[in-house]
Every structure is written in structure tokens, then in C-alpha cells.
Amino acid sequence: MAGEGEEDVPRDAKIVKSLLKSMGVEDYEPRVIHQFLELWYRYVVEVLTDAQVYSEHASKPNIDCDDVKLAIQSKVNFSFSQPPPREVLLELAASRNKIPLPKSIAGPGVPLPPEQDTLLSPNYQLVIPKKSVSTEPEETEDDEEMTDPGQSSQEQQQQQQQTSDLPSQTPQRVSFPLSRRPK
């Protein structure tokens, strides 16, 4: 990203470009320089504002180098978190690794969730209402064998009507997976 309009670029932008180049960054968008400049200016303003507060607290007429150092140090301490020392991390890792892992109940392989919770299971249902027959159903041999000879014909008709009405009241639910389309 070098070359075009190099003489029109402000000094701060040239410094940012040289910093990027020294870090090994050769290809970047022009907006990157503007974003770094904005971050840089904002950081400097915050540090100088804090230095001015420290200077006023010390009843000094001007900001001096010690105020700026104190402001930078307070920014570093409170803005950027320092990782714990390596020894502390090793000690924490050793104490954590002493606890054995729980034994696996499942067999070998990857345990899968129940089928109803997977994306491969059918997630739809079709409701197929059963058509009610308006005419009297024909009696079959099975129906004749099941009838009690002691019942009157009227009681038999009521019993048949009740048995034929039950399946029509409950809809039948059907679910099936979609098959792949032939290519």
C-alpha cells in the first residue's frame, strides 16, 4: 500500500505506515491507517487529560514528565490486563490435572443425542382425517361371529356405530422422512 500520493500523507500517517511495515504487514486497506490514527489520538488525549488531573491535584501550574508517566502507568495498570506469571499458571494446571476425568458410561464412539433431538429425524406430522361413512357398513363374517346371540339387533347396531365412530374421531398421524431426489 505504498506509493500513491506519498507527499500528501501527514507525518503521523507515515509513522503508522512505517510501524506496519516494520511488523511485517505489507497488504492492508487504507482505512487501517485512519483507524490506528484515531486510536492513537484518543489514547494520547486520555493520557494527557489524566496527567492534567494529576498535575492539578499536586497543585502544579503545568503538566510535567512525572504526571505523564503516572498517567501512562495508571492506563497500563487499569486498561490492559496482565496475564499471571508462568509459575502460577503451571501450579494451577498441576492442581487441576490431579483430578481424574469421570469414567465414560457410553460405549466406544461419539455419544449421540436422542433421535427426536437430531436434525436428521422427521420434524413434521401429517394429519389424515378418517372419512366417516354415511351408509351402514356391511356386515362381514367376523362381525357376525363377534355378535352375542342374546343381544337384540338394535343393541348390535348401536355397538357397531360406536366402534365405527371411535376411529373417525381421532385423526391418524403419519410421519416419514424425505428421501433424496435422484440426480
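Backbone N, Cα and C atoms are what each Cβ position is placed from, and that goes for glycine too.
What Swiss-Prot lists as compositional bias 'Acidic residues' is 136-147. According to Swiss-Prot, the compositional bias 'Low complexity' annotation covers 148-172. As annotated by Swiss-Prot, domain 'Histone-fold' applies to 10-77. Here Swiss-Prot flags ALA2 as N-acetylalanine, drawing on a large-scale study or a structure entry. Residues or ranges marked as region 'Disordered' in Swiss-Prot: 101-183.
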For the domain 'Histone-fold' (10-77), DSSP counts of helix, strand and coil?
53 helix, 0 strand, 15 coil
Can you give the mean pLDDT for the domain 'Histone-fold' (10-77), rounded to a whole number?
93
